[in-house]
Amino acid sequence: MATKVTVTGAAGQIGYALLFRIASGQLLGPDTKVELRLLEIEPALKAAEGTALELVDCAFPLLSKIDISSDPNEAFDGAQVALLVGARPRTKGMERADLLEANGAIFKPQGEAINDHADRDIRVLVVGNPANTNALIAMSNARDVPAERFTAMTRLDENRAVAQVANKLAVGVDEVQDLVVWGNHSPTMYPDLFNAKVGGKRAWDVVDDEAWVAGEFIPRVGKRGAEIIEARGASSAASAANAAIDHVRDWMLGADGLRSMAVPTTGAYGVEPGIVGSLPVRLPGGGVYEIAEGLDVPPFSQERIDKTMGELREERDAVVKLGLVS
Ligand code: NAD
Ligand code: LMR
């Protein structure tokens, strides 16, 4: 039996970088057939059909079927894995509340459609921005689906942070481990070197340069998305798709060490329950994550974690006010 994977925003840039990798087996492994469900808005259906033609032309042995729809009820029918990529970008003159409201109009009905039509065992990754709060909206509108099935992506931020540390120390990226990003996928995010390791030693000690960590590393990782937009004239696509593959593959198939995932908060680390914040997780496989407790949180980290989680609380309050989350 093929696993039904729904991808929203399938005709977009990330969709184009993502779908071929899913169909080739990089998401769920070399032994799992996939059935793709592509969700797009009406005007982009033709472009999604074009992508589907190309997927067919790859003759991927693991790709058993492709369906395309503009109806969330159809696209999520029986879905076992969902990657929610399509979102409303911020346009000129749009305030944060307008952006949250516009995205609510996407993620509320998608949450409802997941609730009513998806497989009971579904796993959801939200990529479309503002990813954490979009995940909260979808989760809150899928009352019959356990909250922990909804996650948002901070793996790109983790990967970016790993690459920055490896570059600073002139070591391979595989030397850098357990580098967790806390909080919101926004410039307030906190990449944590106190629990990260380089060659088995505490990364904070190996780097040994607080001015670089506070003044360059943390802001650069937080604003890397903007740096990419400035350079490419478009937001990150292949690296975002790559991180989405990393996130779901590790969640489903398991991974060693600590990873960053934005998950519904439970009170761990004193973070108020009821937001979707990035935390350190362990991934034993089978679509399970465990929040890693007992990590070192010195005042340098606490101050930054409080700030980024506080921003998420404000976003939560704004969408509650808009009636998108109860
Ligand atoms: P894009 O504009 O190229 O594509 C988005 C696609 O979504 C479009 O084809 C659009 O038609 C579609 N879409 C819009 N509303 C939809 C709906 N209701 N249902 C289904 N599809 C819908 O954008 P992109 O570059 O692919 O980026 C997608 C999102 O991912 C953006 O919100 C972007 O900011 C975000 N992003 C997140 C991260 C992260 O790390 N979390 C990284 C990069 C980009
Ligand atoms: C990224 O981190 O690359 C994106 O979230 C940036 C964006 O605004 O799309």
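Just so it is clear, glycine is given a Cβ too, placed from its N, Cα and C backbone atoms.
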Practice task
From ASN129, ASN132, ASN134, grab the residue that TrEMBL records in the same substrate site as ARG90, ARG96, ARG160.
Solution key: ASN129
Handout entry: Cα distance (Å, whole number) from HIS185 (active site, proton acceptor) to GLN13 (NAD(+) binding site)
Key = 19
Fill in the blank from the handout: What remains of the recorded positions GLY9, ALA11, GLY15, GLN110, HIS185 once a 10 Å Cα-Cα cut-off to ASN129 (substrate binding site) is applied is HIS185
Exercise for the section: Select the closest residue to ARG90 (substrate binding site) from the following binding-site residues, measuring between CA atoms: GLY9, ALA11, GLN110, GLY128. Expected result: GLY128
Practice task
Between any two of ARG90, ARG96, ASN129, ARG160, the residues recorded as binding substrate, what is the biggest Cα to Cα distance in Å?
Solution key: 25
Practice task
Mind running the binding-site residues GLY9, ARG90, ARG160 against ligand 1 and keeping the ones whose CB falls under 6 Å of it?
Solution key: GLY9
Problem - For the domain 'Lactate/malate dehydrogenase N-terminal' (3-143), residues assigned helix / strand / coil by DSSP - result: 63 helix, 27 strand, 51 coil
Exercise for the section: Using a 10 Å cut-off, grab the number of neighbouring Cβ atoms around the Cβ of GLY128 (NAD(+) binding site), all chains included. Expected result: 25
